[in-house]
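Undergrad: First, the structure itself, so that you have it in front of you.
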């Protein structure tokens, strides 16, 4: 559990840096291909850079695997797949498409919304991930799980409401119709990302046991391939508001980078932060669940808000960051509630009125290695009798969804095999 905490903490810092750098780039300007100075609002370029960064995980994975292969057999991990077949490589294309679509929608929405509102709306992935975990993975959600999710959603709504209320005090005011459009786009992105997280959990856990680093690298490979062969060429011809009246002028993006050292440095920082964040996020899913990946995503809100406030007052007048307003105390309450909701979900806090139940978790196989994933078993008890360090809810019981929502809900049971069906269809049509 100590290793898990370190992974979560590193992912939290890297993810916060990633969002802050991305917003800084959108608020920065440079000289473009037409000789004029304009803002660097290039969400599709940021998606391309994200996948290139994730692709870097692939050589890192193979270097680490070669290093492990040189060790005595007794030191090698007992679980996790060290070799990934061709069919599995092609199967990973599916979450890559989800990642591409979800990340691009979020980047587009971020252009029209403050970063704190963006993070609040990203909290909706908690609900979507919980629902998809029940419907597609057959995970049983106890009362304390749903209470924890509800508290986190409430917290993120408080954060967003405070930001919307103080919208007129922001350094860059976006028109209300554009902000509403951005909100809708971000929520749509959360539905896609929730599906991606749940499918990733299915691939990371037995019987697939894909290594977390390999999964990140393969998603980066497919995402980069799709961006370079399909999306980037299409963006140069679709009508839009970018230079040349196209949706996004990629040549203009590189010219702006060459003319602005700030944008170039931010791009390098973005590559490092997004690589670390994605590796940590997938490792969190492998060691725990897709829900904990969404908690990691939502927790970035706290760090981002604090840094945004510091940026605003450290360099006033530069258009970066967010000021403190009379609504900031609402944000602070939301952040406290967000942390409390996650503690409730993991049973670190006991709920009154019988809302909390104990889940006994025992480790049958465990490894903190990059190339492995944990296998856990759990059962519900009135009082847990396992040592405190093994008490958590990172692997809730998996029971038929109809048993959770009602014994007659046979239609929901049919959704459970969907991730397996997707994988098997990929195996059936692809070569060995």
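Glycine is treated like the rest: Cβ placed from N, Cα and C.
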Undergrad: Under TrEMBL, the annotation transmembrane segment belongs to which of these stretches: 21-42, 43-64?
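TA: My reading of TrEMBL: the transmembrane segment range is 43-64.
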Undergrad: Choose the correct range: of 86-110, 211-235, which one does TrEMBL annotate as transmembrane segment? Give that range.
TA: 211-235
Undergrad: For the transmembrane segment entry in TrEMBL, name the matching range from 244-261, 298-315.
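TA: Of the candidate stretches, TrEMBL labels 298-315 as transmembrane segment.
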Undergrad: Roughly where does the domain 'EamA' (43-159) sit in mean pLDDT, to the nearest integer?
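TA: Mean pLDDT across the domain 'EamA' (43-159) comes out at 81.
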Undergrad: What are the DSSP helix, strand and coil residue counts for the domain 'EamA' (43-159)?
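TA: Output for the domain 'EamA' (43-159) reads 92 helix, 2 strand, 23 coil.
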Undergrad: So which of 120-138, 211-235, 262-286 is most in touch with the transmembrane segment (176-199), counting Cβ pairs under 8 Å?
TA: 120-138
Undergrad: Any chance you could find the range in 43-64, 145-164, 298-315 with the most Cβ pairs under 8 Å to the transmembrane segment (327-345)?
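TA: Per the Cβ count, the answer is 145-164.
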Undergrad: Residues sitting near the transmembrane segment (211-235): Cβ under 8 Å, six or more positions beyond its termini, same chain?
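TA: That would be 44, 47-48, 50-61, 64, 80-82, 84, 89, 92-93, 95-97, 99-100, 104, 200, 203-204, 246-250, 275, 278-279, 282-283, 285-286, 370-373.
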